[in-house]
Amino acid sequence: MAGKVGHSNLKNAIIAFLVPLPSILFHLSFLKNYESAIRIDSSPNLWAWCYHHPLLLANVLFFFNVNVLFWIIGVLQSSHWMIDPYWTVIPVMFVHFFATHPLAEYNWWRSRIVILLTWIWSLRLSHNYFRREKWEWGAREDWRFTDMSHQYGKHWWWASFFAVYVSQQVFLIALSLPFYVVHTMNQPLSIWDLVAMVVCVCGIVIAYFADTQLYGFVSRNDKLKELGKPVVPVLDSGLWYYSRHPNYFGEQLWWWGLGLFAWNLGQGWAFAGALVNTMCLAYVTTLVEDRMVKQANRAEAFRLYQKRTSVWVPWFKSSALGEKNKDS
């Protein structure tokens, strides 16, 4: 059994490393061939189109390499696990794509700050994902996808293309709009760049500590289960004492902070991605909390936790009565 799991883990790891190659190789070919394609005497061609439409090109690559290819692999494996770890990788690919595009024009320091922050964000989220999954590749898919597969039944094989992948394109492309803006405008750094950087760093730090505290809570409960002891129903300490979802709050801070870089360049429309993400997390928050109150061993404690504790923004408990209940 262990050998079978190890083989599956290795196979999924190899797939995950190979799957972005179409986009990477295409982009490298474009960088090699675009100069001859844009000469005045040249007729319209693929490389010329790629040169003049970087944002559309990013969407096209995403559609074929992620939506179509990831979906096919997911259908074949009966598990749409791959999009989760790639949430942490695709933004890194986007920021480098826009930075290396021939039409890119930007302030060198702002670009490097955004690229560095994106790598830090990615490494943090990747570490949290694999730590949670016990360092395995594709051991399971997101529970929300599993729930949707039960709802759609025999239609899930085609519905998953839209529910899992096309929706991800909307989120990830929209969230990555500040990367595009930062690499199309060359303006000096200002105090707002510092503000944006501080907001991004705060978001990354808050999300890291929130996820680490959650991981510790889950690990302790797993040990209690092994010992046959009752588990602790609700995490109500650390950042989770002040917020029911501090990890979501930190993640939102990161994306809104990233949007500040674009707003500082006069392109406030790039906040659209952060807004879409906030709306998505509002829905996810509802799903998570509904799931919690449906668990008999947690329902009562979690309802009390809901009454006393802020949803996202860390804040003080709502009543002294709640403190007494906790102490008792």
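We count from 1, first residue shown onward.
The backbone N, Cα and C atoms fix where each Cβ goes, glycine too.
Features reported for this protein in TrEMBL:
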- 12-31: transmembrane segment (TRANSMEM)
- 51-73: transmembrane segment (TRANSMEM)
- 85-104: transmembrane segment (TRANSMEM)
- 156-182: transmembrane segment (TRANSMEM)
- 189-210: transmembrane segment (TRANSMEM)
- 268-288: transmembrane segment (TRANSMEM)
Within-chain partners of the transmembrane segment (268-288) [C-beta distance under 8 Å, separation at least 6 from its ends]: 144, 170-171, 173-178, 180-181, 244-245, 248, 251-252, 255-256, 258-259, 262, 311-312
Contact between the transmembrane segment (85-104) and the transmembrane segment (189-210) (3 or more Cβ pairs under 8 Å, separation 6+): no
Tertiary contacts of the transmembrane segment (189-210) (same chain, 6+ residues out, Cβ under 8 Å): 107, 109-110, 113, 117, 120-121, 124-125, 128, 238-240, 243, 246-247, 249-258, 260-261, 263-264
Beyond the flanks of the transmembrane segment (51-73) by at least 6 residues, Cβ under 8 Å: 15, 19-20, 22-23, 26-27, 30, 34, 37-38, 80, 82-83, 86, 90, 94, 97-98, 101-104, 160-161, 164-166, 168-169, 172-173, 176, 180
Long-range environment of the transmembrane segment (12-31) - Cβ separation under 8 angstroms, sequence gap at least 6: 47, 50-51, 57, 61, 64-65, 69-70, 73, 81-82, 85-86, 89, 93, 97, 100, 102, 137-138
